[in-house]
Amino acid sequence: MVSVEKFNWKLIRVWMPVNVIFVGMLVSGMYSLKYINVAMVTILKNATNIITAIGEVYMFRKRQNNKVWAAMFMMIISAISGGITDLTFNAVGYSWQLANCFLTASYSLTLRRVMDKAKQSTKSGSLNEVSMVLLNNLLSLPFGIILIILLGEWRYVRSTDVTKDAMFWVVATASGFLGLAISFTSMWFLHQTGPTTYSLVGSLNKVPISLAGLVLFNVPLSLPNLFSILFGLFAGVVFARAKMS
């Protein structure tokens, strides 16, 4: 149905750094959710916007206006106050999330730079979004298998009863399709815009995700922590408006 670029070792070598960061981003994100509630993960992800914007200044010589820096300062305040007032604070979870912020920012910045370089490594001189998604996910499989073996997760998969539940496979399959959709739309969007724009649009979906996370998982909240989360969401919207101005 779609045309896919033929892969070669030169293209794989160019893409490999992006893929290593991609796998690290996925793993750190999973582990952070293991220890921190969805709302706080969403707010702490604001740090990704800050790191991405700073990275753009140094990597692409792109200047940010004063409104953007002001919004970033608000994000830092909300993240710090959110951590202080978090009733379910977990140092391990926060460490994983901090690592995830750096890896996510590195992924969008490195991917944007590698996209143009990767095209020069193909015979046709082009690389469409479907080829990028296929290449990225194929290269991540060996890393995933190695991590499953090293961390001993394969033993859990073999012994757990959840894999015998039909609903598990329905949800897992749906997750796979959603992951494919996220990969494809992310590649296309980043190809059409830039790393900071990619991050700021992502910051707008934090509002429904945070609220849904609080309601669905019945997270214990204090009033100061709720205010910190709402303030962080507001900072994300201010950031988006600042970037669009």
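Counting starts with 1 at the first residue shown.
Using the three backbone atoms N, Cα and C, a Cβ is placed for every residue, glycine included.
Annotation source TrEMBL lists domain 'Sugar phosphate transporter' at 3-230.
Marked as transmembrane segment by TrEMBL: 12-33 (among others).
Proximity of distant same-chain residues to the transmembrane segment (68-85), defined by a Cβ-Cβ separation under 8 Å and at least 6 residues beyond the stretch ends, is recorded for 40, 43-44, 46-47, 49-50, 53, 94, 222, 224-225, 227-229, 231-232, 234-236, 238-239, 242-243. Annotation source TrEMBL lists transmembrane segment at 68-85 (among others).
Residues or ranges marked as transmembrane segment in TrEMBL: 132-154 (among others).
Residues or ranges marked as transmembrane segment by TrEMBL: 166-190 (among others). Within the same chain, residues 108, 111-112, 115, 129-130, 132-133, 136-137, 198, 201 sit at least 6 positions outside the transmembrane segment (166-190) and bring their C-beta atoms closer than 8 Å to a C-beta of that stretch.
As annotated by TrEMBL, transmembrane segment applies to 223-242 (among others).
A mean pLDDT of 82 is what the model gives for the domain 'Sugar phosphate transporter' (3-230).
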